[in-house]
Amino acid sequence: MEAAHSVPVQDVLSRFGVAESCGLSPEQVRRNREKYGPNELPAEERKSLWELVLEQFEDLLVRILLMAAFLSFILAWFEEGEESTTAFVEPIVIIMILIANAVVGVWQERNAESAIEALKEYEPEMGKVIRADRSGVQRIRARDIVPGDIVEVAVGDKVPADIRIIEIRSTTLRVDQSILTGESMSVIKHADPIPDPRAVNQDKKNMLFSGTNIAAGKAVGIVIATGVYTEIGKIRNQMVETEPEKTPLQQKLDEFSQQLSKVIFLVCIAVWVINISHFSDPVHGGSWFRGAIYYFKTSVALAVAAIPEGLPAVITTCLALGTRRMAKKNAIVRSLPSVETLGCTSVICSDKTGTLTTNQMSVCRMFIMEKVEGTQCSLHEFSITGSTYAPEGQILKDEKPVRCGQYDGLVELATICALCNDSSLDYNESKKVYEKVGEATETALTCLVEKMNVFDTDTSKLSKVERANACNSVIKHLMRKECTLEFSRDRKSMSVYCTPTGPGHNSAGSKMFVKGAPESVIERCTHVRVGTAKVPLTPPVREKILSQIRDWGMGTDTLRCLALATHDAPVQRETMQLHDSTTFTHYETNLTFVGCVGMLDPPRKEVTSSIEMCRKAGIRVIMITGDNKGTAVAICRRIGIFTESEDVAGKAYTGREFDELSPEAQRQACREARCFARVEPAHKSRIVEYLQSFNEITAMTGDGVNDAPALKKAEIGIAMGSGTAVAKSAAEMVLSDDNFSTIVSAVEEGRAIYNNMKQFIRYLISSNVGEVVCIFLTAILGLPEALIPVQLLWVNLVTDGLPATALGFNPPDLDIMDKLPRNPKEPLISGWLFFRYLAIGVYVGLATVGAATWWFLYDAEGPQVSFHQLRNFMRCTEDNPIFEGVNCEIFESRYPTTMALSVLVTIEMCNALNSVSENQSLLRMPPWLNIWLLGAIVMSMALHFFILYVKPMPLIFQVTPLSWPQWVVVLKISLPVILLDEGLKYLSRNHLEGEEDKK
């Protein structure tokens, strides 16, 4: 039923045709169950194992590799002689890589906690209903509850459906609905209609929402929504409809895959077509078909060479290392690709409570009466330091510390704060912090009493556990609390009846201590306390007090104020009707005003500097809160989102103001806004959508079930460590310390990771370009194979993979947070950089072909044939006069491929050294700045020696050990790549960086 909160209860009962006293008939229950379905959230439809496996092969490069493996397998059947066994190595290795990749992908998806499944944890198993088929209240399974059911809830119960309250059967009804609204304080409910049909959930004080908990009291209500129609069900539907967005890196790699696949296809076709004239060469036995197959194999080798097989593993490893570094900074990353996405975050939408603020209410101002003379009066004003629950801080008057025991008014104020209170402080020894036990507001008063220490209690020798409530305990030993008159909406206050302890004391010394909303309490005051005297409360004095409270409430801090008062001669406790809350207001009359305290949820100390850092980094911070607009704007000014004098028109909106705008106006509002107050979860999702329409990369924080859809929709969903399981499951990152500054540290880490990732992606791609150039050159020039597919796989996966991974440890730039967020559409490799790595790649290709050719032409241990003979090696027969005196088998020697492979590996190690910095010379940024890289290079070379010198590896990789003179040639051919890249870096620094800055 829509807007059930805005109509009288009788209208809701009539709508469902039910009487409060007897409930639904069995026939009505059956009809409603058929109409609305069971009261449960449907389980998530999970993909089958087969679907998950197939998904791992949707990547274009993976498909090309799969095709290459399939073709290699078929071609291996046609091999003859010694090659018939080694021919199977290549397809087997490729298939093993693909299987390993698929297993990891499936395992990650299977183990991902589902936010939708986590929602089901909030469903209660049982509910208490009144139905016509049985007298009294009966317990039934919660899934069997239907709309129209009359339900009873009491303290400790989990609400089984969305319920409109009919009647509250206790003094008050408090509900903890933090999972749904994010509010940390329990909410006091009532049964009266809410006149606003468009009220947000926080304002629907006559509604109970499915999955929330009854903190105190008892009530009866009528079910108005079940299952997917409840507020929590709507959140589930939003999450189902939210398609996860690909991260900028995933999009880049997809684009790269598509471009690379087109290039591979064209180059493979070109190599095959160019060599059609060689299909009938004698080396193929004169068979055109065998020649075609041979060059087809070359094309497959080219495809294998062009694909950076090690890239997915290296990226995963780099991101995993990044997550470890982030975890040390209290940011737990749940989705690896999001590590990189953090680097291009341009907007951070942050909750106020607990993220920008401490979520630890603290009293920062208080006043008592100084003197009252006729119509004139003055106040003693105090400020209090310390912004957490730790009982540490000073009471200051005119910026100077004071001893509270000197002021009689402060002694009485502390007494009221300690006794008119059901909360306490607790020292958590494992976390080493003080925590609240009970309501945040009351805990702030408890903490104030500890800071005031009005009886000068010696706390120096107490442990932190004993220190937590030491001063409160002293006061509680002097006065005994007899009963509590709980808070109620009509009087907006609560009070306690206390009697002095110890012998000789009787009820004659009893007092009633009251705390509550200032207007309500002061209205019932007839006197004010000045020292120990009681002075009549005149209209001018009343106005002075209320004026001070208004200043605190409406000023820059927008403090939450509580008035504290005493009844010096309350009625006898025995005559009080404690079961009837309507009588409480009669007992709380003729009060004496003692003082007032102003409290707030203070901003975290480090937040202001973090927001300034965001401003320098070009990141816009938007505060999104369920709090009222005045408080939200005040906090924004305190932490630097707004300046002190900035006009917030068009920059701060309430949820209602935002809804009243047209869709286009809403979109434009999101472009400028920095504060949204009194918002609901649906607003968060809409804000993310509008920001994404401007190509903003958005990080969104949240902790409640209600935040899950927005967390899922944003590029970076950030859940609080203290948040719900649903929010954590929907998020990419969890802040274990709930601190905004941790987000900024994570963004900084994300930027550093992206810079390092660019370095190793370029490093790997320049290697692949070199391999492609090598195979292309040998095919075009008609030279023997310089590198075979299994060798290419070894280089791409192992020898290149280790240094590439180590490049992830490159130190970040010092000015990394002084730059604007990078454009997510900025290509990984563009313009000059593309030319640079193409130049390096061409050198790699020429060097590998040159090394193989050197062995044929000049090596003392080689055949020393002419270049013409080498180019026509396929025509080599005993009868061909060109090859007179040449043994044709030498063209199948393993030495040239070993030379080429050794040059490729050595050049790549030099190339890794070049990648320590994109533009800085090795003389300015030496390799030992990244000790991991030096270790990786040593390891890669050791593995290369392993396949050359340890049997049976030479047979598998079709290589052979090299002599020392051959190694000298390898080094001579390889080392110039350092000089080449140094020259290109010099051009970058001195000629191109300035031009890019001008752009």
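Using the three backbone atoms N, Cα and C, a Cβ is placed for every residue, glycine included.
On a predicted model such as this, the values are computed, not experimentally measured, just so you know.
Record features (Swiss-Prot):
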type: TOPO_DOM; residues: 1-48; note: topological domain 'Cytoplasmic'
type: TRANSMEM; residues: 49-69; note: transmembrane segment
type: TOPO_DOM; residues: 70-89; note: topological domain 'Lumenal'
type: TRANSMEM; residues: 90-110; note: transmembrane segment
type: TOPO_DOM; residues: 111-253; note: topological domain 'Cytoplasmic'
type: TRANSMEM; residues: 254-273; note: transmembrane segment
type: TOPO_DOM; residues: 274-295; note: topological domain 'Lumenal'
type: TRANSMEM; residues: 296-313; note: transmembrane segment
type: BINDING; residues: V304, A305, I307, E309, N796, D800; note: Ca(2+) 2 binding site
type: TOPO_DOM; residues: 314-757; note: topological domain 'Cytoplasmic'
type: BINDING; residues: D351, T353, D703; note: Mg(2+) binding site
type: ACT_SITE; residues: D351; note: active site, 4-aspartylphosphate intermediate
type: BINDING; residues: T353, E442, R489, K515, R560, T625, G626, D627, R678, K684, N706; note: ATP binding site
type: REGION; residues: 370-400; note: region 'Interaction with phospholamban 1'
type: TRANSMEM; residues: 758-777; note: transmembrane segment
type: BINDING; residues: N768, E771, T799, D800, E908; note: Ca(2+) 1 binding site
type: TOPO_DOM; residues: 778-787; note: topological domain 'Lumenal'
type: TRANSMEM; residues: 788-808; note: transmembrane segment
type: REGION; residues: 788-808; note: region 'Interaction with phospholamban 2'
type: TOPO_DOM; residues: 809-828; note: topological domain 'Cytoplasmic'
type: TRANSMEM; residues: 829-851; note: transmembrane segment
type: TOPO_DOM; residues: 852-897; note: topological domain 'Lumenal'
type: TRANSMEM; residues: 898-917; note: transmembrane segment
type: TOPO_DOM; residues: 918-930; note: topological domain 'Cytoplasmic'
type: TRANSMEM; residues: 931-949; note: transmembrane segment
type: TOPO_DOM; residues: 950-964; note: topological domain 'Lumenal'
type: TRANSMEM; residues: 965-985; note: transmembrane segment
type: TOPO_DOM; residues: 986-999; note: topological domain 'Cytoplasmic'
Find the member of 49-69, 788-808, 965-985 that has more C-beta pairs under 8 Å to the transmembrane segment (829-851) than any other listed stretch. 965-985
In three-state DSSP terms, the structure that N796 (Ca(2+) 2 binding site) belongs to: helix
Looking only at the binding-site residues D351, E771, T799, I307 (Ca(2+) 2 binding site) has its closest CA neighbour at E771
Using a 10 angstroms cut-off on Cβ to Cβ distances, just flag whichever of T353, N768, N796 is the loneliest among these binding-site residues. T353
With Cβ-Cβ distances below 8 Å as the criterion, list the same-chain residues six or more beyond the ends of the transmembrane segment (788-808) that contact it, or say none. 68, 72, 86, 89-90, 93-94, 97, 300-301, 304-305, 307-310, 313-314, 317-318, 321-322, 753, 756-757, 759-760, 763-764, 767-768, 771, 897, 901, 904-905, 908-909, 912, 915-916, 930, 932-933, 935-937, 939-940, 943-944, 947, 956-959
Spatial neighbour of E771 (Ca(2+) 1 binding site) that is closest, considering only the binding-site residues V304, D703, N706 and their CA atoms: V304
Tell me the coarse DSSP state (helix, strand, coil) of N768 (Ca(2+) 1 binding site). helix
Selected stretch (most C-beta pairs under 8 A with the transmembrane segment (254-273)) from 758-777, 931-949, 965-985: 758-777
Distance [Cα-Cα, Å, rounded] between N796 (Ca(2+) 2 binding site) and N706 (ATP binding site): 46
Please indicate, using numbers and ranges, the residues of the same chain that are 6 or more beyond the transmembrane segment (49-69) and have a C-beta under 8 Å from a C-beta there. 90-91, 94-95, 97-98, 101-102, 105-106, 109-110, 254, 257-258, 260-261, 264, 300, 303-304, 307, 309, 789
Which of the three DSSP states, helix, strand or coil, fits T353 (Mg(2+) binding site)? helix
Not counting N768, E771, T799, D800, E908, residues with a CB within 8 A of the CB centroid of the Ca(2+) 1 site are L764, S767, G770, L792, V795, N796, L904, V905
Nearest to T799 (Ca(2+) 1 binding site) by C-alpha distance, among the binding-site residues V304, G626, R678, is V304
